[in-house]
Amino acid sequence: MVTIHNLGFPRIGRHRELKFALEKYWSNAISQDELLQTASTLCKQYWQNQNKLDWVPVGDFSFYDHVLDMSFLLGNIPKRAENLSDNELDNYFRVARGRAFINESERTCIQAGEMTKWFDTNYHYIVPEFSQETNFALQAQRLIAQIRQAQAQGVKVKPVVIGPVTYLWLGKSKDKINKLDLLDSLVKVYTQLFDELVKLGIEWIQVDEPILVTELETDWQVAFRKAYDILANSPIKLLLVSYFGTLQDNLSFACGLPIDGLHIDAINAKDEVQLLIDSLSDDKILSLGVVNGRNIWKTDLSTTLLWLEPIHQQLQNRLWLAPSCSLLHVPVDLDSEQELNDDIKSWLGFAVQKLEELSLLAQALNQGQASVTKEIANNIDAINSKKYSPLVHNAKVKERIAKVNDELGNRQSDYKSRTKLQSEKFNLPLYPTTTIGSFPQTLEIRQARHDYKLGKLSAEQYMQTMRSEIRYCVQVQEHLGLDVLVHGEPERNDMVEYFGQQLSGYVFSQFGWVQSYGSRCVKPPIIFGDIFRPKPMTLDWITYAQSLTNKPMKGMITGPVTMLNWSFVRDDQPRATTCLQLSLAIRDEVLDLEKSNINIIQIDEAALREGLPLRKSQWQTYLDWAIRAYRVSANGVSDETQIHTHMCYSEFNDIIEAIAQMDADVITIETSRSDMELLDIFDEFDYPNEIGPGVYDIHSPNIPSVDSIVELMQKAAKYIPIKRLWVNPDCGLKTRHWDEVNLALTNMVLASQQLRKN
């Protein structure tokens, strides 16, 4: 009999119930008990959704981030937060979000933990912090409470934890300690945890070690053997879980670890399955991730079964089936969608549907395909409908793609020639100030957008409301003394969705939300077909904003690589081809802005780095087509037009040469959480163009002081000539409140003025 299980379920709720509860709690609108009740209700719903599974993951729920949960479970709490008097949950949120100075009686100020991408996804985790003083201590109360709640509901529980080697690999040393020196003390705490789980009657534990799909150095492979030789002494059965790629050179040693089962991502590592079967001993389970946990397309059940049947014959009861990875990365339930085109909806599957597919696969293997004849036939119809649909294919787009050449990606002159012309045109001071694009999305803005969608506001009324917001943004920026302005993006719900809604080849869900970090959710658009731009997308808003000021106004566009990486992407052609289609559509927009005298244009590539394959040996192929797509989108303009790009959360040191090849006149980057550490690369690499290192963390409510900004920029000036430095926040300001924005930007402008005097 085939066993089916899941690796993780979306946390946020069908209608983002967790998001709204968190934000109410943070604003003191509900009590902690009410927040905990929301979490309890959601967990019960999740477990009910998974009631056909043989093993259900528990411990995958999180109030903010599962890596931060692991840090607290292991007692690895940053010293700046460990001695606060409030309860554990509030301390947890302070590490995640930071805490500003409030008043004289409550002086505690906490810096937020550093946040970075979870492997190559659009999820962000709070980076564990290590030092010579790190002392692990088991604090498993929250996990144990979840397990007991699930057991009381009759759930067959499989707890989920991040494995010890991956946990160390994900973290950052604060004093240059070798992270692997902490392995022995860390494994002791895992042993204690497993002992506690045995007392709860737990048979299997899921231990996530996704770094198995990366290129591990020998010392990390040795660490695996060392850790699992100890953990194998526990009576609990260990399911070692990898995902997001292939094992390759880690396959042999992973199969030889003293574990009871191994899960692989069979979507990406299908070619390794037979070698795994041959390499695993006969007493070990092989779990195959056969349903894609990263995308929203239906599984081709017929083709999958054809492949699985001989494997089932070989493995029999040793075969487990699961999604390729946690379903954290897909929306909750397709049945919530009532407005999607019927054909397109028939091609999709969200988390609930993926578990149904898993159940059908198991039934077909265990009871024969005759038991699911109707379901298989319906699935075949949907797969064929997508393959041949005229909604998907556009001959004109394919013809334009065929004509793309390298010349399209080249500027007329090099940066040194361009910057002279741009300096004369804009006449900006040293340390010019700007923001990244968005300003606070107030309740009034969201309400207007909502009413417009429902038809309660006419197009004219909506336009006037948005223009009023733009006017206010421009007035605020002029009053603050910023040098290069933005229109504030009140008309944009999301930087990808806004553009996708205006491009053919995209479709949008109502409730297709996924978690990005904490309470921040995104609704990735769905690329189902060939992409083109029917008409200008930003022109009216930007030109209106420019009419309100004599200062330069930045045009704001999301770049092709970010559009791709933050969308659910069609799976019937190479991603590089889809990205090039996007770049041509964006190029048309850039040229229209320039024709309308918008001569500073920012093309955001916030997600460039997250598209990198997890194995460095595969990076160059990705970077070649990604940088080409960016250059095609940006480089049709004249030398006087200044092109900016922005990258948030991008640890770009190892791709700095590729970023330089983008040839943007100005790049703005996230650096404040890392204390300008990201700029170390410029000791070795002479970056030729202009840079705006972010001077404060917009994800935290903390207000930066003038002195802190001056200090950060002085650090930056050690690496970059001051004539090529800009002053800006880390990222857009849409999630902040106006009072925070005004205070922070006031200090930023004052700091810039002080720097000019020096």
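From the backbone N, Cα and C atoms, a Cβ is placed for every residue, glycine too.
Swiss-Prot lists His646, Cys648, Cys731 as binding Zn(2+), and of Glu670, Glu711, Glu740 the one it places in that same site is Glu670. Binding site for 5-methyltetrahydropteroyltri-L-glutamate per Swiss-Prot: Arg16, Glu17, Leu18, Lys19, Arg520, Cys521, Trp566, Glu610, plus Lys117 from the candidate set Lys117, Lys420, Lys425. Together with Ile436, Gly437, Ser438, Asp604, Swiss-Prot lists one candidate of Glu399, Glu478, Glu489 for binding L-homocysteine, that being Glu489. Within the same chain, the residues at least 6 positions away from Ile436 (L-homocysteine binding site) whose Cβ sits under 8 Å from its Cβ are Val486, Gln602, Asp604, His646, Cys648, Thr668, Asn728, Pro729, Asp730, Cys731, Gly732, Leu733, listed in sequence order. Across the fold, the C-alpha of Glu670 (Zn(2+) binding site) and the C-alpha of His699 (active site, proton donor) stand 11 Å from each other. For Cys521 (5-methyltetrahydropteroyltri-L-glutamate binding site), the spatially nearest entry among the recorded positions Gly437, Ser438, Glu489, His699 is His699, judged by CA separation. Fewest Cβ neighbours within 10 Å among the binding-site residues Leu18, Cys521, Cys648, Cys731: this applies to Cys521. A separation of roughly 26 Å, to the nearest angstrom, links the Cα atoms of Gly437 (L-homocysteine binding site) and Arg16 (5-methyltetrahydropteroyltri-L-glutamate binding site). It is His699 that, of the recorded positions Arg16, Lys117, His699, has its Cβ surrounded by the most other Cβ atoms within 10 Å. Annotated L-methionine site Ile436, Gly437, Ser438, Glu489, Asp604; additional same-chain residues within 8 Å of its Cβ mean position, judged by their own Cβ, are Thr435, Val486, Met495, Met556, Gln602, His646, Cys731, Gly732, Lys734. Of all the binding-site residues given, namely Glu489, Glu610, the one with the smallest number of surrounding CB atoms inside 10 A is Glu610. Cα distances from Lys117 (5-methyltetrahydropteroyltri-L-glutamate binding site) to the recorded positions Ser438, Glu489, His699 are smallest for His699. Packing around Glu670 (Zn(2+) binding site) is summarised by its Cβ count: 26 other Cβ atoms lie within 10 angstroms of its Cβ, all protein chains included.
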